[in-house]
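A.B. asks: The following feature annotations were taken from TrEMBL:
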{"type": "TRANSMEM", "residues": "58-85", "note": "transmembrane segment"}
{"type": "TRANSMEM", "residues": "105-132", "note": "transmembrane segment"}
{"type": "TRANSMEM", "residues": "184-208", "note": "transmembrane segment"}
Amino acid sequence: ESVFNDTLNYDFLFVLFFHPDGNSSFFVPQRKSFPGIAEMAKLDATIRQKTRVLNFSGVSFAAIGKGHAIGSASLVSVALLGAFLSRVRLSNMIYISGVNTLDPLFFTFLIIGGMLPFAFSAMVMGSVAATVMDIVSEVKFQFERNPNLCAESHISSFERVKPDYLACVLVATRKSLQEMIAPTLLVVLSPLICGLFFGIIALTGMLIGCILSCIQLSLSMTNAGGAWANSKKFIERATGDDAIKSGSSNVYVASLVGDSVGDPLKDTVGPALNVMMRGMTVISLVFADVFLGVNQGRGVYGA
């Protein structure tokens, strides 16, 4: 118990002396693992309560670290966009005066670029749900095949069967790689198709719209996901009414839903949007000369 007390006391001191990104990378996993360790070790209820506080702070500090990552990715994406525009201006004098924001082509793809992160987020959330359902199916299959799986202590050691953990890991790994194909194609092909067929002006509008939407969405999903993930812990600690904390309570059931949705929001979609805006700007910069070579940067369908 003294170990957990010391950890909780010094936890906040680390935040003062270490950068939030480093703090999240090194200390958050330990804080989030304490409740599971305490439960598996069957420690006292008071110790498990302290570990829940550590988990609560771990999720919050992870959100702070993700916020710094979002800021870094945003600055990098804007810098890459500036490099792309500079490359275009140096290679073709047609674009030396910049881009007219009232151009219908620019404005159209500005809106399209703003919608791409929403489609990407929906794909990633759907991928998480599909992967989870496959894992649930694997676990149900193991329980149906072995009724004594994770049985109580009254079952003899000869009859007790250990779960096949490797099968669940393989399902999660294989399914996650398969589900990432569609979002990756969206990030890679969108700037290529836009630049080749519609030109530099359309691509510039799409990149600006995408970056703006990614910044807003990633911040919103990271913070909202962290709040939702902590809702169950907050209800368990803040209320003294056991009826509310029971599994039949509508409030507690709603917090479980928030916890289930909040985790993929803050851990999957938010960080993935950082990769999206950086990936699209990098691809645009790399293929800038290719885009300029198609009808002087106007694209296949350009006038």
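A Cβ is built for glycine as well, from the same backbone N, Cα and C atoms used for every other residue.
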A.B. asks: Same chain only, please: residues at least 6 beyond the ends of the transmembrane segment (184-208) with a C-beta under 8 Å from a C-beta of the stretch. Say none if there are none.
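C.D. replies: For the transmembrane segment (184-208), the nonlocal Cβ contacts are 81, 84-85, 88, 95, 99, 103, 105-110, 112-113, 116, 119-120, 123, 275-276, 279-281, 283-284, 287, 290-292, 294-295, 297-302.
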A.B. asks: For the transmembrane segment (105-132), what are the same-chain contacts with Cβ under 8 Å, counting residues 6+ beyond its ends?
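C.D. replies: Residues packing against the transmembrane segment (105-132) from afar: 99, 171-172, 175-176, 179-180, 182-183, 186-187, 190, 194, 198-199, 201-210, 212-214, 217, 221, 264-265, 268-269, 272-273, 276-277.
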